[in-house]
Structures are given as C-alpha cells and as structure tokens.
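Taking it in order: structure first as structure tokens, then the write-up.
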Amino acid sequence: MNAPQQSPEIGREILAAGYRTNLHDQGEGFPALLIHGSGPASPPGPTGAGSFRSSQTRRVIAPDMLGFGYSERPADGKYSQARWVEHAIGVLDALGIQQGDIVGNSFGGGLALALAIRHPERVRRLVLMGSVGVSFPITAGLETAWGYTPSLANMRRLLDLFAHDRTLVNDELAELRYQASIRPGFQESFAAMFPPPRQNGVDDLASNETDIRALPNETLVIHGREDRIIPLQASLTLAQWIPNAQLHVFGQCGHWTQIEHAERFARLVENFLAEADALHS
C-alpha cells in the first residue's frame, strides 16, 4: 500500500514567536524572506509570494504566516498587523537571521512595509508586489476574496478575479485551491482574520504616511495594471511616498504579477536584489 502523498506546501516546522510555523528554506547566500498574500486563491509556501529563481543565488525563506497554510492558529483567534509582524520577526530570529531582504505579496506587502518601519535594522531591501500598506476604499475584488466561503464555484470565480489572463485558471488549479480551503480549521481562522466591515482590514494593514515617507530602504514596487484586487493607485501612492522607491507596472496583468509575467518578474526582482549584493560585496 502506498503511503499518502505529502502536500508540496509542507516544508519543515520551526517555532517562531512561540508558534509552530511551516516554512520552506532553500538556497544559500544573503537571505530573502517571502511573505505571501491573504486570499484563499494565493498559495503560501514555495508557490506563493514570489515564485522567483533567486534560490539559485541566495537563501529564500517562505513561511506560512500565523493562521495560514500549515502554521499554527492562535488559540484566541485574534489577528492583526502587529501580531503578524511579530511572527515574521520570530521567523528571522528562529533562523538566526539578523538582516534580510523582504519580498511581500499583497497582504504580505503590507506586513513587509510595517516590518521595515518597526524593525529597520532587520531589512536591507524591500519588494512590494500588488501591495496593501496604504489605506484605500476596499475593492469589490478584495471584498470577494476576504469574504470567500468554500465551494468549487466560488474558488473558480475568485481565481478569475485574480488573473487577467483567464487561460491561467483551469479546473485543476481551482480544485487544488478549493481543497486547501476546506482543510480543518481553515475557514474558521480565515473568517476571523477579515470579518466585516472588511474596510477595517485594509486600514489595519496600512502604515502611517509619515513613517512611510521616512523609510530609508531601497524599495521595488510592482503592480499589475489590470489588478482587480488591490488598486494600482495603492502602489502609485507607495512609490510617491517611499523616498528610494522605483515602480514597475506590468500591462496585461492582474493580481498575479509573479505568475502572469513570471520570467520578467523573476529577472526584475533578482536584478534589484543582486544590485544590493554587489554594493555590499
């Protein structure tokens, strides 16, 4: 009898900020911490925030954040920007990493930004992809993502919202993400993260304008022009406020820049991080 196949989203377990944390840790060199998005259609782990090839040139760490994927869910069921940032710092501490580059996707971008503001000594460079981090009126797409209730039809509709190129959305992907969304405990914790009114979730993940304007880090801001989850204006604002920011907008692209323009995305991020490697070598 064959042993049950382990999900590729399961890596190894560490204790971070007191919580059992699933993460993938691969490659060697200067570390990059990847922080995934929040939507049920956004896979954590190696296929989530920033599926780029930097593991060939650097150490890449991709944890499931508190309450997501195969990481522990807090007993009190309470989530906040501050708690997730504490968990991310706990990951760095558990791995003995004093400083790293932070790559944040969507929800994860808001956490990456807040982490850099609260713990500037822990961050070298920032990459913010389709990121929250400033306040904006919640979009219908984000309302749908955060209000998701498990069904295959709902997952298919959600995937269609994420991707500009609908050919990327097939039955296999919808089934895979749907199955992940019906794992025991998933829906209870997800509903607790972003309860209505969900505008509060956007505002909780936003950082203060004064703090953003004081951010010293070189920052790459990336967005899809046709993004229906996080408005392009959020990244335009971040690029205006962050002193050392550069902005790249992908045309013909929704909320999945790292998937819809995978090759260009990989080169863009790797070149940005490699520039810092060269400066500090």
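Each position is counted from 1, following the chain as shown.
Glycine too: its Cβ is placed from the backbone N, Cα and C atoms.
Keep in mind it's a predicted model, so treat the numbers as computed, not measured.
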Can you identify, from 4-29, 30-55, the stretch that Swiss-Prot calls region 'Disordered'? 30-55
Averaged over the whole of the domain 'AB hydrolase-1' (31-261), what is the pLDDT? 93
Once the chains shown are all counted, how many other Cβ atoms turn up within 10 Å of the Cβ of ASP227 (active site)? 25
Euclidean distance between Cα atoms of ASP227 (active site) and SER106 (active site), Å: 11
